[in-house]
Amino acid sequence: MATIPGGGTIMDPMHLYRARRDKERRGVLKTYKILGFISSGTYGRVYKAVLLPPPKTASAKSALPSSTRAALSLPKDKLPSPSFTEDSDPLNNPEMCMRPGDRPAKRGDVFAIKKFKPDKEGDVLTYAGISQSGAREIMLNRELHHRNLVSLREVILEDKSIYMVFEYAEHDFLQIIHYHSQTARASIPPSTLRRLLHQLLCGVHFLHSNFVLHRDLKPANILVTSQGVVKIGDLGLARLWHKPLAQQGLYGGDKVVVTIWYRAPELILGAKHYTAAVDIWAVGCIYAELLSLRPIFKGDEAKMDGKKSLPFQRDQMGKICEVLGPVKPEQWPGIVHMPEYRTYQATGPYPHSNPLAPWYHARSNSSEGYDILVKMFEWDPARRITARDALRHPWFQEEGGVDTKSVFEGSSITYPTRRVTHEDNGDAKMGSLPQSMAGGRLPSSSNFRPASGNIVQPAARKKARI
């Protein structure tokens, strides 16, 4: 409060706002009912939750001091009229550009809650604040709003823990790939595949148009709602790239980006300055995986040594050369300036064949589909197709085009819903489920993800990045 001549005071409007906000704030378990555990990874744990009804108590305004209530009160005829309807909720209508947090969610809405893990030194948990990855993810999700990006509902800070509440998606590309490879044992219908890739490119084009690199595109991070809308998730490695914050550019912040099977050759060769082309290479890898139901460049990742120096990923480079043939300076003039170019030459020889064409045509007879894949797998990042140009490619006009709201339109396939387990042994804060229903963890980025069932007892799993 500010003092004025005569001894009076002026009520600070922000003080009133903060007092009201603090009175109305509810904890995560008082706001959402945890339905089950979805997955766990390096940075967090993800739960499926449903919104609880608001408590039947006196209004927050009546809980404030009388002077504050008077300052906040308005005559009934002056109250603002509602500007939202149920149909305008972007969680119900993905075409809307309004932010999900612009209106209160309704009871029964389902969400995915990501809880960040605290740092760990030995066996002791430490709370040193939010990680760079977490801060970046929150910032970008709050700023970016698009039909093909996962929507952030709210961020909750409680008991030194941070929770991100996202819209819920029943499927992801990895689940769809697993269903076709293990259950249906049949390829993804060409029309469905084109729509999946088209919506993915729409989201990627939006990110690149706003100078954002995703840097971790892979099937497990590409979600699909039950309405058939593709949603790009996990912006933990994403960052702005038009004005690098460090003198070392993008390399200075994160030296290792993109999961190894989807990593572009310029990253493998140690590029310190790179562009949105790294995301397009990953999209090409995803396209090939949707087509063949298995990763096209499945190399073994070399781990860092005790000196924390980054090793050259020879095996991954070899897998790429097995499909595309060895790269030559005529194909990529800038390769001779790559930090790892001499290492690449010294660790050969690499296969000299180029079986991409027969590999593709054994799975599809579309010449346009092959053309766009070749342009995504261009060695030279400066020549690699952009998301904008890819969306204009004639392949997307085949068989009636992709001008549909749902990627599942015209398909008779019913994909299983996302697996959710009862698990609470790793997180006492979220442990609202009965102990008798406790189980293991669910794989979120493994080809061994089972394809059906809602509540299951899973087998042991490998850690995934969440």
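Placement of Cβ uses the backbone N, Cα and C atoms for every residue, glycine included.
Sequence annotations record features per position, and here Swiss-Prot assigns domain 'Protein kinase' to 32-396.
Annotation comment: Swiss-Prot describes Ile38, Ser39, Ser40, Gly41, Thr42, Tyr43, Gly44, Arg45, Val46, Lys114 as ATP binding site. All protein chains included, Ser40 (ATP binding site) registers 23 other Cβ atoms within 10 Å of its own Cβ.
Annotation source Swiss-Prot lists region 'Disordered' at 58-105 (among others).
Asp216 (active site, proton acceptor) falls outside any helix or strand according to DSSP and counts as coil. Annotated active site, proton acceptor per Swiss-Prot: Asp216, in sequence order, evidence recorded as sequence analysis.
For 421-466 (among others), the entry in Swiss-Prot reads region 'Disordered'.
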Between Ile38, Val46, which of the binding-site residues has its C-beta surrounded by the fewest other C-beta atoms within 10 Å?
Val46
What count of other C-beta atoms do you get within 10 angstroms of the C-beta of Asp216 (active site, proton acceptor), across all chains shown?
21
CB neighbours of Gly44 (ATP binding site) within 10 A?
22
Distance [Cα-Cα, Å, rounded] between Gly44 (ATP binding site) and Asp216 (active site, proton acceptor):
16
What does DSSP say about Gly44 (ATP binding site): helix, strand or coil?
strand
What kind of secondary structure is Ile38 (ATP binding site) part of, going by DSSP in three states?
strand
